[in-house]
Amino acid sequence: MDKLRITGGSPLRGEVTVSGAKNAALPILCASLLTAEPLVLGNVPQLNDTSTTLRLLGRMGVRAERAGDGTVTLQADQVDNLEAPYELVKTMRASILVLGPLLARFGQARVSLPGGCAIGQRPVDQHIKGLAALGAEIEIEHGFVVARATRLKGASIRTDMVTVTGTENLLMAAVLAEGQTVLENAAREPEVVDLAELLIKMGARIQGHGTDRIVVDGVARLHGARHDVIADRIEAGTFLCAVGAAGGDITLRGAAPDTMGATLDKLVEAGLTIETGPDWIRGAMHGRPCAVGARTHEYPGFATDMQAQLMALDTVADGTAVIVENIFENRYMHVQELCRLGADIDIDGHTAVVRGVARLSGATVMATDLRASASLVIAGLAAEGETLVDRIYHLDRGYDRMEVKLRALGASIQRVTGKETA
């Protein structure tokens with residue numbers, strides 16, 4: 001099992017390119033099921049989750065070709081299997097995103113209940129509620145969501161909570177439904193907007209994406225299209241937290257600063273110097289960061305996917321920060337591992353109190369989920385001595401060659417196998 005060996009204490013300097021967003025790429029790949037014509041996607045990140053999605057689509061009969069430049073060409077003109085099996089779904093919750101497209105185009109689907117990061121229940125009940133409102137008959141059978149519909153019919157749907165994957169699933173189902181669908185309490189995330197922009201290129205009629213009310217007028221069929229996946233705002237934020245904790249001066253190319261308002265505001269508050277252009281961000285930190293608190297919220301609030309990384313920065317900051325996790329339960333599993341590095345953190349329910357220390361010291365730590373992995377890497381970069389991060393398969397689910405990019409910025413970080421660390 002691979003690990004990351006980090007020798008901390010070196011500031012980060014230089015520039016790297018931000019990859020395409022994982023949370024946009026996954027639903028966009030699943031949207032290939034909505035048409036028999038080719039879909040050409042650029043800026044698709046090389047991640048375990050995108051590879052798993054491509055394997056899942058391939059199992060269904062979707063043909064996919066991946067080029068070295070991040071371009072993926074998909075064609076779903078020979079789909080012969082409408083089931084998403086447990087062995088593929090168990091590692092990735094986003095695999096539920098095939099449900100809406102399969103049901104909309106083929107009238108049936110059998111999708112295993114999903115897995116993924118162990119950071120809360122994240123139930124699929126809102127997906128089921130919305131698809132049922134569109135006329136689907138849905139049952140849970142032997143661990144599978146089994147759905148059938150002759151043709152979906154437009155409806156007004158208000159989810160009980162804001163759900164990103166729920167909005168995406170219902171959006172993909174609604175584009176081929178008969179009549180008009182209104183999604184109330186819809187997610188506003190840039191990744192939802194990116195999916196909608198692709199669907200519009202494919203011939204869908206969508207208005208209001210980026211607001212909490214999306215209106216979809218269904219069409220009979222969609223056609224092929226060419227689309228570039230939006231830049232990953234979480235990867236960009238992670239690298240900026242890293243330079244905030246370790247110090248230095250970095251530039252991120254291919255970024256989307258207009259999607260990162262809440263994160264950039266927090267980093268400025270922490271003492272980073274931030275400069276932005278249309279597709280780049282420069283972040284510099286000279287000296288010790290200031291402690292900065294945050295409350296996670298749906299977009300455009302501070303993203304739950306940035307909570308662990310900000311906490312890692314706060315561990316070496318001057319002062320005390322209070323972080324409140326409002327989106328997921330059980331999303332403080334990185335705290336125990338940060339404390340192994342010398343962090344001073346107390347947890348009370350959904351609230352974490354982080355008292356900054358002058359220095360962390362390297363140790364062996366274990367990743368528990370995707371963003372927790374990133375927080376441990378950030379802490380390792382800021383720590384004195386050597387840090388060994390175990391179970392980095394979590395990191396590989398959502399970061400495209402993170403250690404390669406960090407080395408390009410001057411970090412002392414290497415991927416090693418279990419044998420090399422024995």
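Count begins at 1; order follows the chain as displayed.
Placement of Cβ uses the backbone N, Cα and C atoms for every residue, glycine included.
What Swiss-Prot annotates here:
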type	residues	note
BINDING	K22, N23	phosphoenolpyruvate binding site
BINDING	R93, R122, P123, V124, D125, Q126, D305, I327	UDP-N-acetyl-alpha-D-glucosamine binding site
ACT_SITE	C117	active site, proton donor
MOD_RES	C117	2-(S-cysteinyl)pyruvic acid O-phosphothioketal
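Within 10 Å of the C-beta of Q126 (UDP-N-acetyl-alpha-D-glucosamine binding site) we count 21 further C-beta atoms, all protein chains included.
Counting every protein chain shown, the number of other Cβ atoms lying within 10 Å of the Cβ of D305 (UDP-N-acetyl-alpha-D-glucosamine binding site) is 23. Shown are the binding-site residues N23, R93, D125, I327; the one with the most C-beta atoms within 10 angstroms of its own C-beta is N23. In sequence order, I96, L113, P114, V145, G166 are the residues near V124 (UDP-N-acetyl-alpha-D-glucosamine binding site), counting only same-chain partners six or more apart with C-beta under 8 A. Following the DSSP three-state reduction, the secondary structure of V124 (UDP-N-acetyl-alpha-D-glucosamine binding site) is coil. A 10 Å cutoff on Cβ-Cβ distances gives K22 (phosphoenolpyruvate binding site) a total of 26 other Cβ atoms nearby, all chains included.
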